[in-house]
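**Student:** Below are the features I grabbed from TrEMBL:
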ACT_SITE  D316  active site, proton acceptor
BINDING   K22, G95, R123, Q170, R347, R389  phosphoenolpyruvate binding site
BINDING   K22, S23, R27, S168, Q170, D316, K343  3-phosphoshikimate binding site
DOMAIN    7-424  domain 'Enolpyruvate transferase'
Amino acid sequence: MKTLTIQPADSLRGDVTVPGDKSISHRAVMFGAVARGTTRVEGFLPGADCLSTISCFRRMGVAIEQESETVVTVHGRGWEGLTEPESFLDVGNSGTTIRLMLGILAGLPFYSAVIGDESIARRPMDRVVDPLRQMGAWIEGRKNGSFTPLGIRGGNLEGVEHVSPVASAQVKSCLLLAGLQADGVTRIREPHRSRDHTERMLPAFGVELTREEGGVSLRGGQQLSGRDVRVPGDISSAAFLIAAALIVPGSRVTIRNVGLNPTRTGILDTFREMGGAVEVEETGEWTGEPVGDITVTASSLRGVEVKGDRIPRLIDEIPILAVVATQADGPTVIRDAAELKVKETNRISVTAQELRRLGAVVEETPDGLIIKGRTPLTGDRCDSHGDHRIGMAAAVAGLIADGGVSVSRAGAIDVSFPGFFETLNRLAHR
Ligand code: S3P
């Protein structure tokens with residue numbers, strides 16, 4: 001078990017990039033695997049989650065070469081190029097892999113057994129299993145198919161109209177991938193717009209889809225054509241460095257080539273509302289995704305209320321937002337975020353638990369957190385609980401906590417940000 005210690009910093013200064021976007025890396029490999037032709041992915045995130053996606057599709061007979069850590073070539077042979085795996089499809093810790101892959105498997109006429117780690121085994125799969133069954137897929141699993149291990153045999157799907165009770169890009173993307181293989185139209189509606197990487201990338205692979213008020217629809221029977229994808233830096237990874245630069249006095253950091261998709265930039269809006277000096281310069285568009293440079297200067301901050309349609313736009317950033325909130329004037333209130341309970345860990349209780357170890361005053365609510373502002377943090381040992389974003393949030397707290405923070409089970413960070421500690425230490429002046 002890896003433990004890493006982060007010591008307080010006097011300031012953070014410099015110019016860095018972050019690893020490729022996790023959501024976009026998964027999709028580029030998956031869409032490439034079911035497309036006809038070659039898909040070369042540049043800027044691929046070589047984190048454990050995206051490597052799980054590669055290994056699952058290799059097991060279904062797709063040739064995938066890793067030219068280097070960040071350049072991957074997928075040789076797709078269309079939907080029918082995928083073959084029955086001879087052993088388990090193991091998604092590891094990756095919710096995106098399992099939910100999107102189930103949408104692909106739902107249309108394919110063979111049997112697969114899908115497993116993951118202990119965290120995946122606690123995460124609800126009924127949100128995709130129920131509508132996929134309604135479309136005609138056979139799926140069985142623990143607790144009537146709500147949890148892994150799952151067995152699935154696909155084929156003969158009918159389009160569906162699905163109103164999702166949660167704003168989830170994983171549900172939406174899963175059903176769009178199944179819908180592409182179904183007879184007729186598939187339409188998905190969601191209460192707030194979740195990240196739209198699938199809606200942006202599918203057309204780049206030649207798919208016709210219609211974006212509608214509150215949802216998206218497409219017609220089945222469409223083939224994808226392989227193409228090159230350039231993956232921007234992950235704003236969810238950049239968020240940890242932005243947060244660090246905001247709360248360590250005297251800091252100024254630029255992060256280059258970060259994805260600026262508006263369904264993901266809720267954290268930038270929120271940091272600005274808190275008084276954070278966050279400047280964004282858009283520099284271009286990579287495979288339908290806006291990209292730019294973010295420059296952050298240490299700022300004095302005030303607490304905010306975050307709720308409603310802002311939540312899906314920063315859902316993965318709430319643990320680090322909570323760390324920043326401990327340094328703002330006045331309380332920060334996070335509501336409408338019950339989805340946090342079914343992430344890699346229950347991020348409401350784990351964020352509260354780890355921040356309290358450092359002296360923060362945090363109240364858990366049924367759908368969020370209330371964080372008391374302006375609280376000096378005292379160093380201690382924190383636990384990632386095997387959750388990459390909790391590990392990184394604790395490490396950033398270490399930059400301002402008296403005596404530093406030791407993060408146990410820090411290996412989890414490799415899920416989304418390999419090289420995180422090296423990047424942080426490169427920026428830190430002590
Ligand atoms: C993701 C969607 C989000 C997010 C996850 C990645 C994706 O989950 O939390 O880290 O790539 O589609 P939900 O769609 O379940 O909210």
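In case you wondered, yes, glycine gets a Cβ from its N, Cα and C as well.
Heads up, TrEMBL stuff is auto-annotated, nobody curated it.
Situate these features within the shown structure.
**Tutor:** D316 (active site, proton acceptor) carries a helical DSSP state (H, G or I).
Within its own chain, R123 (phosphoenolpyruvate binding site) has G95, F147, V342, K343 as residues 6 or more apart in sequence whose C-beta sits under 8 angstroms from its own. According to DSSP, R123 (phosphoenolpyruvate binding site) is assigned to coil rather than to any helix or strand.
Cβ contacts within 10 Å of S168 (3-phosphoshikimate binding site), excluding its own Cβ and spanning all protein chains shown: 23.
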**Student:** Relative to the Cα of R27 (3-phosphoshikimate binding site), which of the recorded positions Q170, D316, R347, R389 has the closest Cα?
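**Tutor:** Answer for the nearest of the recorded positions: Q170.
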**Student:** Counting Cβ neighbours within 10 Å across all chains shown, tell me which of the binding-site residues S23, Q170 comes out on top.
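**Tutor:** The residue with the densest Cβ neighbourhood is S23.
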**Student:** Can you check what DSSP calls S168 (3-phosphoshikimate binding site), collapsed to helix, strand or coil?
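**Tutor:** Assignment for S168 (3-phosphoshikimate binding site) reads coil.
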**Student:** Tell me which recorded positions (S23, R123, S168, Q170, D316, R347) have a Cβ under 6 A from ligand 1; sequence order is fine.
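**Tutor:** Checked recorded positions vs ligand 1; flagged S23, S168, Q170, D316.
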**Student:** How far apart, in Å, are the two Cα atoms that lie farthest from each other among K22, G95, R123, Q170, R347, R389, the residues recorded as binding phosphoenolpyruvate?
**Tutor:** 19
